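Quick one: this structure, given as structure tokens, is what I'll be asking you about.
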Amino acid sequence: MAFANFRRILRLSTFEKRKSREYEHVRRDLDPNDVWEIVGELGDGAFGKVYKAKNKETGALAAAKVIETKSEEELEDYIVEIEILATCDHPYIVKLLGAYYYDGKLWIMIEFCPGGAVDAIMLELDRGLTEPQIQVVCRQMLEALNFLHGKRIIHRDLKAGNVLMTLEGDIRLADFGVSAKNLKTLQKRDSFIGTPYWMAPEVVLCETMKDAPYDYKADIWSLGITLIEMAQIEPPHHELNPMRVLLKIAKSDPPTLLTPSKWSVEFRDFLKIALDKNPETRPSAAQLLQHPFVSRVTSNKALRELVAEAKAEVMEEIEDGREDGEEEDAVDAVPPLVNHTQDSANVTQPSLDSNKLLQDSSTPLPPSQPQEPVSGSCSQPSGDGPLQTTSPADGLSKNDNDLKVPVPLRKSRPLSMDARIQMDEEKQIPDQDENPSPAASKSQKANQSRPNSSALETLGGEALTNGGLELPSSVTPSHSKRASDCSNLSTSESMDYGTSLSADLSLNKETGSLSLKGSKLHNKTLKRTRRFVVDGVEVSITTSKIISEDEKKDEEMRFLRRQELRELRLLQKEEHRNQTQLSSKHELQLEQMHKRFEQEINAKKKFYDVELENLERQQKQQVEKMEQDHSVRRKEEAKRIRLEQDRDYAKFQEQLKQMKKEVKSEVEKLPRQQRKESMKQKMEEHSQKKQRLDRDFVAKQKEDLELAMRKLTTENRREICDKERDCLSKKQELLRDREAALWEMEEHQLQERHQLVKQQLKDQYFLQRHDLLRKHEKEREQMQRYNQRMMEQLKVRQQQEKARLPKIQRSDGKTRMAMYKKSLHINGAGSASEQREKIKQFSQQEEKRQKAERLQQQQKHENQMRDMVAQCESNMSELQQLQNEKCHLLVEHETQKLKALDESHNQSLKEWRDKLRPRKKALEEDLNQKKREQEMFFKLSEEAEPRPTTPSKASNFFPYSSGDAS
């Protein structure tokens, strides 16, 4: 069910599926086998094999990383690495020679570095780097990091395994598989990715919390850890499993060098400021370049010596039956054949004269150690055995075989005490062609590079540990320089989860040293002689150490640890891919939601805009129709009134005619002599009266017409105003509805967005829990394998002890019986029968003693097995507890994030509602203002209405004049 939910979370719709993309630096149309010829295999990384390839045209060598990619999404995981390599042209960064995607395989061709990785060099030489060598590496790494950080690139996987060496003594920073390329200068990342032992504290916190992202300062921390690794072969906390080391990094103080006294003050101060747990106060690469530890480095001679030593011709001798006092390391210098001589005392160590190198590089020599026991300055010899320094000048006899190495008590796997390393600084090579002992079996290694293990992946240095043994104070050298130089010799022990020391080792409580108990050494001694030339000086370095079964166990444990780290890195890569896919899906969901919100709002606005347009259009049409109707009514009314007035006027004319007839009739009734005069007078009076009446009548008709027209116009204007008011009211209601709908949509969108973000947060934490559970399952699987290995080793050791005990008892019994018989014979006490009886009693006692020894061994084995079972159960329970704490922390953080998200949403909703009130108020004020403006406009229109008083207005209705009445 959980897996189904996980698939649902990462599922994209059909139209969201990614199509094949063309990448700028990846060629799809060319078979890389047509351009490059595979000449060998360099190693096997976590994501693919690494081959040594040769360009068929130019003959240039390259390291070819071949990765099978099943989909475009997997291909995209490696594009960032290719783009970074293609855009970063720097002398200390590995160069990209080409990238091809052909037949389902991605070929990444990068610069071939014959020197190999620094961790592989340390494995080859069985020692860490000297301080001058570390200075040069640190200087070049800082310059590379300063360049990367300037391009907004975070490497995120700095370690010695990712620092490659060229034959010229320069480094090449490699493996950008988990690097991040930011788009902004201040951008931060929250991906939990990298190798645990080198992770910065802020990166570790991102496993369960994404609230505190990190920036390029994480590389500075990894740089400091890498310097400690180069000094001590292994990074800090290497004895812990990855689960524990993450907890250690997050909660412990910054790591330091195991033996600070053997390193310079500048080196210790550099590590102190680089390993600052607070990334805000941690310096940048540019600031660290000004530090005295690296600021005066001008030569890479130390690295040229290192590469020459690692690439030197090796002669191997295997000798049997060597005793501790016979083991030696000889470091001899031979002057070149030219006229150039050099004192042998100046060329006595693998560093080839560190004092001269420091002078050449303008770097001050670290303060020399006072003449003190070697235990203070040779704190890192072989983890497989004690280290002795012998030299005629030191006055130490080669027969001093009783030196024991005190071992600091800590939880680690049983240390192999069978290896011995000695440095012999007594002579120059008398003959370059001197052959070793003919009795020894010889094997010569070709002068070829180790597998370029970290051209793409860490193939060698991910699972090495530092011995951390010290010599007792009884050995005091005469020269502090030699004591300081020999401190860099070290071998490796396998990294382990932590268990008790081997039962075959006994602890000397007085000296704190370990010694073998109950058995003798019957191991072979491997003697290696390296010859190389640097700057005209031929150097020979001979190292000897005893080969034991623990060597094979160490190699096996290194391999298993590498496998575990590869498995974790594969999980990290898959987690990163899943997180990237989920982030892309979430971004797409938010983008689609915002587009949908915008479309919904635009659709709602458009709907109301259309409604308003329709309303305004209807209003306009209605007003126009009202105007037209008014015009028609006005004409009709005017016509009707004119007709009525015409009839009234005709009647009025008839009345005037009648009056005229009456006047004539009255005049005719007068005497004839008075008629003429009276007629003339009466007619004049009648004419004046007629004109006056006619004028008054016409004026009254005109006034009546104007009143009727004005009344009609007023009624029409009132109707239009009512219509305008009604339309404005409807428009304002639409505006209110529009704003209310938009406000409702805004609130709904706030709620919907909150629900989506909340669901996305749940999906993100579900994915984190899913990835965390997968990681925990892998860790439990690794722990079970480890416990099983420990149980099997214990069973094998017990079987060997059980099989060896009868032989020892028989031999011991014979010896004791012989000694007892001899004592009886010497004493001569008693007769032969008495002696036989005593011998019989002694034999019975021996049988009882041997039986008791067998019972004691059986009890011891049972106790060991019980303790081992308890230890395995304790390991599992402790791991389970740590995993439960992480899961609980993740769930608690999810709860806090969800609660904070809800609170933020409620606060946003409250702020939105608080802002809504003034928006409503502003809307109502705006609508009321428009109403007032409309009323004011109507009022002004009425006041500005013209009042026609001239007869010209009536002439529209009365085309005749008053003179037409006669």
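Cβ atoms here come from the backbone N, Cα and C positions, even for glycine.
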Swiss-Prot tags one of SER368, SER449, SER687, SER811 as phosphoserine; which one?
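SER449, according to Swiss-Prot.
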Looking at THR476, THR950, which is the one Swiss-Prot tags with phosphothreonine?
THR950
Looking at SER191, SER295, SER354, SER490, which one is marked phosphoserine in Swiss-Prot?
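Swiss-Prot annotates phosphoserine at SER191; the rest carry no such entry.
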Going by Swiss-Prot, point out which residue in SER453, SER515, SER631 is annotated as phosphoserine.
SER453
When you tally the Cβ atoms that lie within 10 Å of each candidate's Cβ, which of the recorded positions (ASP44, ASP157) has the highest tally?
ASP157
Cα distance, ASP157 (active site, proton acceptor) to GLY48 (ATP binding site), nearest Å?
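The Cα atom of GLY48 (ATP binding site) is 18 Å away from the Cα atom of ASP157 (active site, proton acceptor).
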How long is the line from the C-alpha of LEU42 (ATP binding site) to the C-alpha of ASP157 (active site, proton acceptor), rounded to the nearest angstrom?
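Roughly 20 Å, rounded to the nearest whole number.
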Do you know offhand how many angstrom separate SER191 (phosphoserine) and ASP157 (active site, proton acceptor) by C-alpha?
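Distance between the two Cα atoms comes out at 13 Å.
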Return the count of C-beta atoms lying within 10 angstroms of the C-beta of SER191 (phosphoserine), excluding that atom itself.
19
How many Å separate the Cα atoms of ASP157 (active site, proton acceptor) and THR185 (phosphothreonine)?
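Rounded to a whole number, the Cα-Cα distance is 20 Å.
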Counting every protein chain present, what is the number of Cβ atoms, excluding its own, within 10 Å of the Cβ of GLY48 (ATP binding site)?
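Its Cβ shell of radius 10 Å holds 20 other Cβ atoms.
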What is the total of other Cβ atoms whose distance to the Cβ of LEU42 (ATP binding site) is within 10 Å?
24
Do you know the DSSP helix, strand and coil residue counts for the compositional bias 'Basic and acidic residues' (834-865)?
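Split into helix, strand and coil, the compositional bias 'Basic and acidic residues' (834-865) gives 32 helix, 0 strand, 0 coil.
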What are the non-local neighbours of THR185 (phosphothreonine), defined as same-chain residues 6+ apart in sequence with CB under 8 A from its CB?
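The list for THR185 (phosphothreonine) reads ARG152, given in order along the sequence.
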